[in-house]
Amino acid sequence: MIEVSAVAGYTPSVEISLTPREAPQMTKKLFVKTYGCQMNVYDSERMAEALGGEGYEQVNTPEGADMILLNTCHIREKAAEKMYSELGRLRPLRDANPDLKIGVAGCVAQAEGEEIMRRQPLVDLVVGPQTYHRLPKMMEAVNAGEKALDTDFPEEDKFLNLPKARATRGPTAFLTVQEGCDKFCAFCVVPYTRGAEVSRSAERLMAEARDLVDRGVREITLLGQNVNAYHGAGDGGTWGLARLIREMAKIDGLDRIRFTTSHPNDMEDDLIAAHGDCPELMPYLHLPVQAGSDKILKAMNRKHTAADYIRLIDRIRDARPDLHLSGDFIVGFPGETEEDFQATLDLVETVGYGTAYSFKYSARPGTPAAERTGQVSEAEASDRLQRLQALLTQQQRAAQDAMVGRRVKVLFEKPGRNPGQMIGKSEYLHSVHVDGPDTLRGQIAEVEIAESKTNSLTGRLV
């Protein structure tokens, strides 16, 4: 096996299909399967671009592919086992085509490393999230019959070593502005799989944003494991996320900006103000709190209290009263009592969420919480999850029902399942269905909401 760094010198799954960048003799087929967060979606796009320069054209199914790449997530329990199960399902394809190349990327690749190849010898390549710019060099080794492994945290900026993206775009795009996390929440593997917080330069981000707009993008979502910790070099100084958003808002043709995911402790005054004074910044915010009990928040190493979080939400809503708030919650964290869980329910009642995601705690190897006593039983955690989800679903339903009769601006992205139907996103990130022509794709149109459904809204063009 070759470790490339030593020889080179240089969120549910989403399947992504891209039009490849221009390259001669595109004869090889690449299938990418993406698990986990939006950043993995962005990373998959860039990996496909990097391999496009090696003659790979992306396809929508693994059958008939010359290379299959699994871009993995390590946040939830059994993520590694799910990956191994998927690799097992690929065995018949390798048996049918011995020349098929199989690679594993992402956070499970970072965490498991060489163990992946030991357990599944059919894997040719393992690459971490900080080194996928080295994929072309790794493929040289693979094509020579070697195994290739690279899970370094290199000093060089991977974004400087990737080809310029040339794929045709839809009207929305992700743009990674920051990677890694320094918060070290007791339950989280991100600091170990993504590394320390690193911000990209403002100049390069502005250039990439302009390029996206030139290729048809009207809405950009800025990504980071802790995106509001962004502090990138710009104009001889340092830009925070608010400055970056305001400067991007000046780009002609960029109508909408979002960002995710944030930590409450990095919600600076200027970023709060931007929610009120920057119309291009959409009234949607994903701001996880994880728990409502101060005891559990301290055990999680969140470094804020429930009251701190509630005051912060009040300030943001003062700046943007129509804000659609989203959050994350973990139930069954070690040491959580029924009283602690009730504090979480109380916080949800106090704050009110338009959307939220809740999970049972799952011990991640190598994290402080995994070694703690007081683990909550599976039955109790499941019961708490059901009760929390019932409350959050009630709030989401009420928020969606309140949209009926209102007019919203929808950026249309794609046709719906039914003929003559188009689907887009409102300012509040609601999925909105209308009857309309395909020419709506990429356009922003006013829609009056007529009906609220489980996870979407329907309306009519105004």
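Any Cβ shown, glycine's included, is placed from N, Cα and C.
The domain 'MTTase N-terminal' annotation in Swiss-Prot covers 28-144, and the record cites sequence analysis as its basis. As annotated by Swiss-Prot, [4Fe-4S] cluster 1 binding site applies to Cys37, Cys73, Cys107. The feature domain 'Radical SAM core' is assigned by Swiss-Prot to 167-398. Annotated [4Fe-4S] cluster 2 binding site per Swiss-Prot: Cys181, Cys185, Cys188, in sequence order, evidence recorded as sequence analysis. Per Swiss-Prot, domain 'TRAM' is recorded for 401-462.
The Cβ of Cys107 ([4Fe-4S] cluster 1 binding site) has 26 other Cβ atoms within 10 Å, all protein chains considered.
A gap of 18 Å separates the Cα atoms of Cys37 ([4Fe-4S] cluster 1 binding site) and Cys185 ([4Fe-4S] cluster 2 binding site). In this structure the C-alpha atoms belonging to Cys107 ([4Fe-4S] cluster 1 binding site) and Cys188 ([4Fe-4S] cluster 2 binding site) are separated by 12 Å. Sequence-distant contacts (6 or more apart, same chain, Cβ under 8 Å) of Cys181 ([4Fe-4S] cluster 2 binding site) comprise Cys188, Val190, Pro191, Arg194, Ala196, Glu197, Gln225, Asn226, Ala229. Here the C-alpha separation of Cys73 ([4Fe-4S] cluster 1 binding site) and Cys185 ([4Fe-4S] cluster 2 binding site) works out to 17 Å. Classification of Cys107 ([4Fe-4S] cluster 1 binding site) by DSSP places it within a helix.
Looking just at the domain 'Radical SAM core' (167-398), the mean pLDDT is 95. Secondary structure by DSSP for the domain 'TRAM' (401-462): 4 helix, 33 strand, 25 coil. Under DSSP, Cys73 ([4Fe-4S] cluster 1 binding site) is assigned to coil, being neither helix nor strand in the three-state scheme. Taking the Cβ of Cys37 ([4Fe-4S] cluster 1 binding site) as centre and 10 Å as the limit, one finds 21 other Cβ atoms among all the protein chains shown.
Cβ proximity to the [4Fe-4S] cluster 2 site centre (mean Cβ of Cys181, Cys185, Cys188, cutoff 8 Å) flags the following additional same-chain residues: Lys183, Phe184, Phe187, Val189, Val190, Pro191, Gln225, Asn226.
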